[in-house]
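Scroll down for the structure; my scribbles are underneath it.
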Amino acid sequence: MDPATQSVTVAPEVDHPQPTASPIVNGGTNGQDEALAHESPAVEASSAGDAPAETHQAPKSYDDLFPSLPAAAPVTSAGSNPIGEWNRKPKLASSTVTQVFRIPEEERRDAASSGFGADDSYKQLKTVMDKTGAKIEMSSSRDQSLTFVITGKQEVVLRARRELLREFQTQANQAITIPKEHHRFILGKGGVKLQDLETKTATKITIPKQSESVNAITISGTKEGIEKALHEIRTISDEQSKQAYEVLSIAKTYHPFINGPNGEMARKIIGDRPNVRINIPPLSVMKDEISIAGEKDGVLAVKEQIEKMYKDMQRKFTEVSVEVKKSQHKYIIGPKGNSINEILTETGVFVEMPSSESTSETITLRGPQDKLGPALTKVYEKASSVVSYDVHCPNWLHKYIIGKKGSSIQKLTNELTKVHVEFVEAGDKIKVEGPPDEVERAREALESQAKELVEKTSFAEIIVDAKYHKHIIGKGGSTVNKIKQETDVMINIPDSELGVNKIRIEGNKEGVKKAKSELESLVSKMENEREKDMIIPSRFHRQLIGPKGESIQKLREDFPNVQISFPDVGSKSEIVKLRGPKDDVEKCSKTMTKSIRDLEESNYQVKVPIFKQFHKFIVGKGGATIRKIRTETDTRIDLPESGSESDMIAITGKKANVEKAQKELQQIQSEMANVVSVDIEVPSKIHNTMIGSGGKLIQSVMDDCGGVSIKFPPSNTNSDKVTIRGPKDDVEKAKKMLLEMANEKQLSSMSAEVRAKPEHHKFLIGRNGANVQSIRDKTGARIIFPNEKDTDRELITILGTKEAVAGAKQELEARIKGLDNVVEEVMTVDPKHHKHFVSRRGEVLRQIGDEFGGVIVSFPRSGVESDKVTLKGAKNCVEGAKTRIEEIVNDLNNQVTIECPIEQQHHRTIMGTRGSKIQSICADHNVQIKIPERNPVQNGAANGEEVNVNIIKISGQRENCEAAVEVLQALVPVDEEFEVPFEFHRYIIGAKGVKVRQLMDRFDVNIKVPPSEDQSNIIIINGPAKNIAKARVALEERVVELEKEKADRAAKSFEVRVEVNPEYHPKIIGRRGAAITQLREDFDVNVQLPKKGDPEENIITITGYEADAIKAKEAIMKVVNDLESLTKEEVSIDRRIHSMIIGRRGATIRKIMQDYNVDIKLPRDGDSDPDLVVIMGGEDAVLDCKDHLLNLAEEYMQEVQDKQWMEDYMKPASKENEGGPKKTNSKGFEVKGAPWQGASDEAFPTLGGGGMGAAQSSTPVWGPRR
């Protein structure tokens, strides 16, 4: 027995290690094995160690001069000790069992995704082991079938087998039609027989109910289980069938001959008897019987034929047994059992294989005696068609041989298609199987690769605390990836959550050594680092990071040793972690704190109450107005969402800018409406009671007064001033209410609460607040209803004096009680008015329901001739709704239609955007307006009617219609001419037309400015007459402003010319223009200096107000006079040392000028004397500076000369100047047999600076460049 083929032992005293699945490479295209026999499990080995490196004998002369370093001692390969013997019987009885079973490729659930990288199977296997407690070994065969070895207690093994079949095997379905009357025999008493059958076959059998008309029974499970179940069900059905049914006692060994290869013999026996069925048990069912069912004559004939065949076979057949290695059985079986069927077809001999659970290696051949020889020959041919070798290779190197996504090993298997390569997961070996010649080639290739990897690669493991793993990885893997790229190694860092602290490095030996050193240095550094948590509001995180991470990248560049970690996106954490050296962390923390203060300053926020109806003016046409305010004030302005009841506009930015934007918004509101602000005195001690719980009381006052803004002072100021802001009439109303409330609160104030269903609140409030107002007038109490934001929507609060609260409470409770009594009433409404109530999806009915406590109003369905209308709800609500419907009907009966002639070209203007103006008129005047269609419809012509497209029809009460006509006519646009001087037109229009659009949006008019080529002063304003008047006033004010600006520009254009020597111009400009900028700001003038080479390059022009220009001239002349009084000294200094005098970024020359209080001017490119340096300043200072410069020049010149001498000395002599000793034939020091001899120049390049024919190096050969 070859120990290398052992994989499983049944010996109880041996504790099996828990195996894992091995990656398999299939080089061929063979199919799956049929379930005729079981394959042996995957092979395991425990040999370990590296192969000894091969040494080369170097030439003696080179070896003497350069002895090699001592090589590592070869590691001996430990032989794999067998873990058990197949035929050894256990000495003691044990409850531990081992079971082997196989899943063919066609039944594998994951067959399509099998291959390298498909590790889901291993996860599933581990899950089953954890769940059942069994020890499971899985291997994949060359034909892609899976073999499982399960070890454990009997019940554990069965559970594990079921789980594995469910996870790895495709569950097939098959139906069989059985007569309905036979179903009960399959079920058995209480379904016991069916349960036994399902357990026995590991399938799910579904039998239709007795009430169902179908006869088909569905079987789900594995292929083998389905076959068993089908056999048993047919057997039961045939026994119960009224047709003939015979059971023949035929030894199991003869079943394959009666069935024949692929069932050919059974079909031949049946022949032309289609109504006869032969039921031969599958090979896995150990029964010595064959059943025949069908028509009586056919059954008897088939029975006779089978019995005759059986007797002949008993007389003529013999058998022979041979021993064949267990590992070679699968090659005899062949894919899908084809090899056994092939032998049976060609020789008539059946090859009986032991099951994979059995340890037997005996194969039995049964058939005619004269055919046994040829069959045996074929068996040996099949068995020896494949050989197997083990290639030693350390387990951790397997992945390098496999290659990325299996690319390397696939290249080998594509060339050697019949070779099967298996990488044993638990051992240091690679199994190779296939034809002998191809296996030999594959083994040589794999051994060569393994040897090369062992020589060139190594690994190292370092222990690192798991808390440092994320810092080693870096942001997005930046740190570890950098080390990988620099060292060309693979670094495996375990997940820190697992608690594993071992980091593994694999790759080339030098790279591993370098990477290990870097990681250890990094860890050592981190152990000495400090970590600091900064609490930064999450709203600033994105701004600190910056667009595309620019801001945080700059911060990281400034502090490269500090790691800055922001919380994950979506996390509510405000903690930003800093980690690094203590000093760097502190500096980085201070920098970030300053940035946060700046952000807080620039994120100052104020919410400004702007009445909802004025928001559109804040936005402007196409958003022009709000964009302008945002740009001018550098703030963010956010309006409430559409549909929101809030009128607050949020402004965010720097405090000064926010206040400026706030004033602009309030100014727009004040211009568009008569908004006033009033202060009243209310004792501070009653402020809280007036505001009410959660602001309910004061909110109800604001709602009642058209949404005015009421602002109470902060509680800590003790101020009595309360500010009311809003439209004038609403402010007066709110003022009166607040003063009344203040008096009530100061006298005596009580409160009470009552509850009512939210749907009844509108009825209690009444139309336009009439009902609640009547209670207020009657009792003097204030009643506050909850709003949408309140959590308790049923609670109604009553405030006032004790008597007033009691009276209001009694009145409310009486009305609420009446609302709880649901009644149903019927009223009559003329059918001609029904359409008015139910049109627009029942909008009128919805309004009535909302107004009267949710009363339900039902009109007859369309097509039903009835005038009955049903109302259902609370009694009071029904009465109110009934009265409201009668009012609407009365209004409809009294309606008139008035025609308003307006030319069709103006219809779109008076309609407004999406009909907004028309809708507003309809709502304000309670009328209906019909605008004629642009193109008259054909119905008018067909009925002989003439349609006038200029007539707008208005329907409603006469007085309402007349009022609507006046409003419509006022909306008809007219043209008006306004004279504005042509020179001001561009200021009226503004940049890209912004200002003229603002005027048009503000006054809802169209302003037409003539084109510039017309040179016309006439501007045309188009729009409603009322709006035109307002726009005209605004234009007149703008023209006045422009006239003033024109006069100011004329006054500011006074010009003064000053003659100044060009050499003083730089002093007037100053460093980076600082001096001239200060001059312009101090005197509010424009100072223009000429360009170099200008004909008037000594003339400086000053433009501004006359007085300011003269003052600026005086300031310039003072500077010139000061400069002219200075001493100027010229000194010649070698140009080569000018850069040394200047210093890095001018630091040296600036220090000299500061120390001596002088100005030093160095020559520019192109100057006639490049060595001339000019010094200006006080006489003594200039002389001292001159001496200092000459001393510096002397020192620097000596350094320049030394450097030049060294360069000349190191520079090789040219050929023309060669006058030294002649060349000799000496070759110098030589070494024979050196590795560079005979190699290419690329492998061993020559050193620069010498040698025959070598290119001259521009740098010295030895020593660094100075």
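Cβ coordinates come from backbone N, Cα and C, glycine included.
Annotation source TrEMBL lists coiled coil at 651-678 (among others). Summed and averaged per residue, pLDDT over the coiled coil (651-678) gives 81.
For the coiled coil (1025-1052), the residues of the chain that approach it from at least six positions outside its boundaries are 970, 974, 976, 978, 980-981, 983-984, 987-988, 999, 1002-1005, 1007, 1019, 1103-1106, judged by C-beta separation under 8 angstroms. The coiled coil feature in TrEMBL is assigned to 1025-1052 (among others).
TrEMBL lists 1212-1221 with the feature compositional bias 'Basic and acidic residues'.
Annotation comment: TrEMBL describes 170-238 (among others) as domain 'K Homology'.
Annotated domain 'K Homology' per TrEMBL: 242-311 (among others), in sequence order.
Taken from TrEMBL, the feature domain 'K Homology' applies to 316-384 (among others).
What TrEMBL records for 385-451 (among others) is domain 'K Homology'.
Positions annotated as domain 'K Homology' by TrEMBL: 456-524 (among others).
For 528-597 (among others), the entry in TrEMBL reads domain 'K Homology'.
Look at TrEMBL and you will find 602-670 (among others) tagged as domain 'K Homology'.
Annotation source TrEMBL lists domain 'K Homology' at 748-817 (among others).
Under DSSP, the residues of the domain 'K Homology' (821-890) split into helix, strand and coil as follows: 37 helix, 17 strand, 16 coil. The feature domain 'K Homology' is assigned by TrEMBL to 821-890 (among others).
According to TrEMBL, the feature domain 'K Homology' maps to 894-973 (among others).
Per TrEMBL, the feature domain 'K Homology' maps to 974-1040 (among others).
Under the heading domain 'K Homology', TrEMBL lists 1052-1121 (among others).
The region 'Disordered' annotation in TrEMBL covers 1-67 (among others).
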Six or more residues beyond either end and a Cβ under 8 Å away: which residues meet both conditions relative to the coiled coil (651-678)?
601-608, 610-611, 613-614, 617-618, 625, 629-630, 632-638, 723-728, 731, 735, 1002
By DSSP assignment, list the helix, strand and coil residue numbers for the domain 'K Homology' (602-670), in that order.
38 helix, 15 strand, 16 coil
